[in-house]
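Pulled from Swiss-Prot, these are the features on record:
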- 33, 34, 128: divalent metal cation binding site (BINDING)
- 27-227: domain 'RNase H type-2' (DOMAIN)
């Protein structure tokens, strides 16, 4: 619900929402966003960020929806966001929990947890795209919030970079799926790996494309295990003449 007496212009720049709310005594303002909702492997990561009063000065003008930026740019902005943040948190929801509750419920749960883990309860919460209740304070859903509200954009960066780092770490355990490349999202290469090896513990078994490969025959299981061992042993080895 839009707060009474607060005029928020979408053309006021990335910091327009925070400035308007703080002027009306509704600060500090937390932005919340997630990463990994559309993936079929790996966790969902939800972040909450409260920018400090000098956030506008300390943050690069490149701050925008993390999905529009390169991985290298996001990594640099991640450090900038943490320096500019008065408070922040990140919540990691594993694939098993997503399978139990569904990704939408997991997303809402993650948003509530992220706000609850902030050091101080915010005066207002801005969410990206859809309304969420249960923060213990007022909130507002902002359409395309990660492109128009700085605190949501900052949360998007924290969530995306945190999840990318997790997926790169998982790649060292499951090299055959190439998680470092596609980060658990559906690609032709990922689909081919699923068909060949079946899902691993980090795949979301409730997803249709994963479930299709979730119950291989005993013979196929044996072959896929051999493939995994071979892929792991050859990872990083370059054939020479």
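Note: Cβ is positioned from N, Cα and C throughout, glycine not excepted.
Same-chain residues at least 6 positions away in sequence with a Cβ under 8 Å from that of residue 33 (divalent metal cation binding site) are, in sequence order, 46, 47, 127, 128, 145, 146, 152, 153, 155, 156, 159. Listed in sequence order, 44, 45, 46, 47, 107, 110, 111, 128, 159 are the same-chain residues six or more apart from residue 34 (divalent metal cation binding site) with CB atoms under 8 A from its CB. One way to see the shell of the divalent metal cation site is to take the Cβ centroid of 33, 34, 128; the remaining same-chain residues with a Cβ within 8 Å of it are 32, 35, 46, 47, 111, 127, 129, 145, 146, 152, 155, 156, 159.
Predicted-model confidence for the domain 'RNase H type-2' (27-227) is 91, expressed as mean pLDDT.
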